[in-house]
Amino acid sequence: LVFLISCRKSKGKPNGKKPAPEEKKLYLEPEYTKSRITDFEFKELVMLPREIDLNEWLASNTTTFFHHINLQYSTISEFCTGESCQTMAVCNTQYYWYDERGKKIKCTAPQYVDFVMSSVQKLVTDEDVFPTKYGKEFPNSFESLVKKICKYLFHVLAHIYSSHFKETLALELHGHLNTLYTHFILFIREFNLVDPKETTIMDDLTEVLCSSSGSSSNGSGNGSSNSAGAQNHVKER
């Protein structure tokens, strides 16, 4: 990670400005975090059934999450523009897209999400990667591809919370968003699909939403230490 100092030190002059206080996170308000569309025990829902092949289970769930997260984003997409979201930002972290050659691309949030959804759509409809025909084998790289997909889908969910929760509230879809986030987080934890360091940025929300869903606070203890001085730094990934 590259850390860029984004504030200037005051030299003690009368007009020296103090750093702006961290904006209150609306999505952490108790009146909104308790909103769900179901009280189902997701910890049980994400567990691998005995009679199901692991890759089949990962493929089925990953595809479903892709469609639901794509749908959730579409509800606020008109508010996520190149003007309102000039970078793909989540709190104090800015994400960059990397093309097939590994070239780092700085893009707006809607461009980033379009890259994510287009690339994932291409993968989940590729019979050589996500086979649907009987007897067709999953590639050796399947698990690593699923991990990459889940990492990008997490970025999209996190962006909706950090930049478009007000619009989600206005549409009265926060219960759907909370339910989707809880289900997704417990799924990726169950199968270790995303590095906890990657999801630390939303640990405060994860702890609130998943604590009542039979989830351990895996990695959530890092949130407070990593947020120290976050107002003065922007992380790049």
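Cβ from N, Cα, C; glycine included.
Keep in mind the model is a prediction, meaning the values are calculated, not measured.
As recorded in TrEMBL:
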BINDING   C80, C85, H159, H164  Zn(2+) binding site
REGION    212-237  region 'Disordered'
COMPBIAS  212-227  compositional bias 'Low complexity'
Remaining residues near the recorded Zn(2+) site, that is with C-beta within 8 Å of the centroid of the site residues C80, C85, H159, H164: I76, F79, S84, A109, P110, V113, I160, S162, S163
H159 (Zn(2+) binding site) CB neighbourhood, other CB atoms within 10 A: 23
